[in-house]
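K.L.:
The structure's right below; bear with me while I get my questions together.
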Amino acid sequence: MGIDITKKKRRIALGCEGSANKLGIGVILHEGDLTTPTSTVLSNVRHTFVSPPGTGFLPKDTAHHHRSFFVRTAKQALSDANITLAEIDCISYTRGPGMGAPLTSVAIAARTLALLWDKPLVGVNHCVGHIEMGRAITGADHPVVLYVSGGNTQVIAYAEQRYRIFGETLDIAVGNCLDRFARALAISNDPAPGYNIEQLAKHGGRVLLDLPYAVKGMDCSFSGILTRAEELAAQMKAGGGKGPDGEPFTGADLCFSLQETVFAMLVEITERAMAHVGSNQVLIVGGVGCNERLQEMMGLMAADRGGSVYATDERFCIDNGIMIAHAGLLAYETGFRTPIEESTCTQRFRTDEVLVKWRK
Amino acid sequence: MAVADAQFPPPKVLTYPASAPPSLITQGAEGRLYKTTHLVPGRPCALKYRPPKPYRHPTLDARLTKARISSEAKVLERCWREGVPVPAVYAMDPAAGWMMMEWIEGIPVRVGINEWLGERPEDGAEISSSSQETDQTPLVDLMKRIGTAIGALHKTGVVHGDLTTSNMMLRPTRGGQVDGCAGDEDKARVVEGDVVLIDFGLATQSMADEDRAVDLYVLERAFASTHPRAEKLFAAVLQSYKETFKKAPSVLIKLEDVRMRGRKRSMLG
């Protein structure tokens, strides 16, 4: 390992992600000097564990899925990237946050690759992975970041080498609220419950059903909304649910109302953070960030403030290996390493714990 | 803010012929604050307007705007009735999203403290109540008045939700000068006056120790980041809070907890 990474013109990392129900392996290439590298996605392979409608993904089953698919996913990522093993500079993996058992499975697999191929290992914070990938893809320079997924809901802005959390959920994540609501209506989990809610909501909207709206400063809460939405779903199934206009409402109306309410909350806390830090750029990352209605609402708010919204599509919004490869390589280029004996993973790993050495 | 101002039409109430043309004072994420007059030219007032949010469903927008204006007015009314130093509510139209309040003369507490500190560079980097006790008396007095105001607020069952030194005004005392030692008089004036609490946009009615403790914690954090040199004087705020408010001891115990965990927990959704 005598090569000085800072002098290398081509740097390549393989990233392994498995903090929730997606197993993702990707290969990224950084070219040019370290201050202004260009990033190229060489491969980005994902395999998702889909549970039957009405159920969620359990840690045990998800971990089993990741173990079963790791080898073929990794092989696919390598062949798509069309590189030799010698070209890889480091192996990145998700240290956390996420579900314990799936994290452990992928960490063990990443460690195995590192030993097998004699490559250094880099542990990556999953949230920082999302943020860095979003910045690289959209070119957003100094945005306020809304990170929304099945496990996380945070409003983040960068200051002094940390991604600081300005606001967050006080209970469950917004994606968790949507996923669990999908179970109440037995909406399919394929490709994702949130996607199916979004499609269903397009057929709703005759009425806006009254749901709790819980914003506290820059924080918000979703558990009360979920409870109320589940109650309304049960009423509907029993045939007794009536909207504000006295007419029965449909599952589509429920999906529509839920989206309008929770997204309005997210946009509101993001706007407050933007006013607080004086930024007019906003970047949306995380699985819920694929939702086009959320992107549209955020765009209206940003336009109102004379700014713009940056968002990516499902390839980068939804958990993937490439973001772990990218963030891992950024850290690796500053000299960061995770020694094999410290290559643990953790369910709790806050975004602001990471020292962001690669930014000024 | 000229561009943003041109983009938004002013609320209808401001398009009526008035003796004082309304002027935009500040624009936050939530709403805009104008200065104008109420009924007679000699009665200045603050007008708070929450414009509709284009991203929000109209039904939800109307519901939120109405609820927020009413709740803010209700909280102010309750405080005012109980003698907490807050602006009086003059008029409101929750459905239209506006509320008129008493105009508070004076400067924000933040400005007063910074001017006081700025005028005393010779005092060194940090100020503590013990070292220059006589010198810092006017500032310590201000801290005590802040504590008293918050104590009175919490006693009425209201928590502010966004306590900072920007959300408190220093209103010049009516009747003018009390005693004051010559020479220091001008300097002392920047931290003189009655403390009036403003901007109740995030206020809620609550009697819970937890909520009250968070209120104090938010102020403590804001104070430390806005006035790092005077951080040690914050103890005087808590001291007078304790003297004003009978239930303060249990709130201060809770404050220890809140400090320990920070506002942020280690989380997994």
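Placed from the backbone N, Cα and C atoms, the Cβ positions cover glycine too.
Per TrEMBL, the features are:
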BINDING   A:His126, A:His130, A:Tyr147, A:Asp319  divalent metal cation binding site
BINDING   A:Tyr147, A:Val148, A:Ser149, A:Gly150, A:Gly151, A:Asp179, A:Gly194, A:Glu198, A:Asn291  substrate binding site
DOMAIN    A:44-325  domain 'Gcp-like'
K.L.:
Long-range same-chain neighbours of A:His130 (divalent metal cation binding site), Cβ under 8 Å, sequence gap at least 6?
P.N.:
A:Tyr147, A:Ser149, A:Val285, A:Gly286, A:Met323
K.L.:
Write out which of the listed binding-site residues, namely A:Tyr147, A:Gly151, A:Asn291, lie with a C-beta under 8 A from a C-beta of chain B, sequence order kept, or 'none'.
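P.N.:
Cβ contacts with B, in sequence order: A:Gly151.
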K.L.:
A:Gly151, A:Gly194: which of these binding-site residues has the sparsest Cβ neighbourhood within 10 Å?
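P.N.:
A:Gly151, out of the binding-site residues A:Gly151, A:Gly194, has the fewest neighbouring Cβ atoms within 10 Å.
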K.L.:
Can you tell me how many other Cβ atoms are located within 10 Å of the Cβ belonging to A:Asn291 (substrate binding site)?
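P.N.:
So the number of other Cβ atoms within 10 Å of A:Asn291 (substrate binding site) is 25.
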K.L.:
What are the other residues, in sequence order, whose C-beta lies within 8 angstroms of the center of the C-beta atoms of A:His126, A:His130, A:Tyr147, A:Asp319 at the divalent metal cation site?
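P.N.:
Same chain, not in A:His126, A:His130, A:Tyr147, A:Asp319, Cβ within 8 Å: A:Ser19, A:Cys127, A:Gly129, A:Ile131, A:Ser149, A:Asn152, A:Val285, A:Gly286, A:Met323.
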K.L.:
Using Cα coordinates, what distance in whole Å links A:Gly194 (substrate binding site) and A:His126 (divalent metal cation binding site)?
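P.N.:
Spelling it out, the Cα of A:Gly194 (substrate binding site) and the Cα of A:His126 (divalent metal cation binding site) are 20 Å apart.
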K.L.:
Around A:Asp319 (divalent metal cation binding site), how many other CB atoms lie within 10 A of its CB?
P.N.:
27
K.L.:
Using C-alpha atoms only, work out the spacing between A:His126 (divalent metal cation binding site) and A:Asn291 (substrate binding site) and round it to an integer in Å.
P.N.:
20
K.L.:
At the level of the C-alpha atoms, what whole-angstrom distance separates A:Asn291 (substrate binding site) and A:Asp319 (divalent metal cation binding site)?
P.N.:
14
K.L.:
If you average per-residue pLDDT over the domain 'Gcp-like' (A:44-325), what number do you get?
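P.N.:
Mean pLDDT for the domain 'Gcp-like' (A:44-325): 95.
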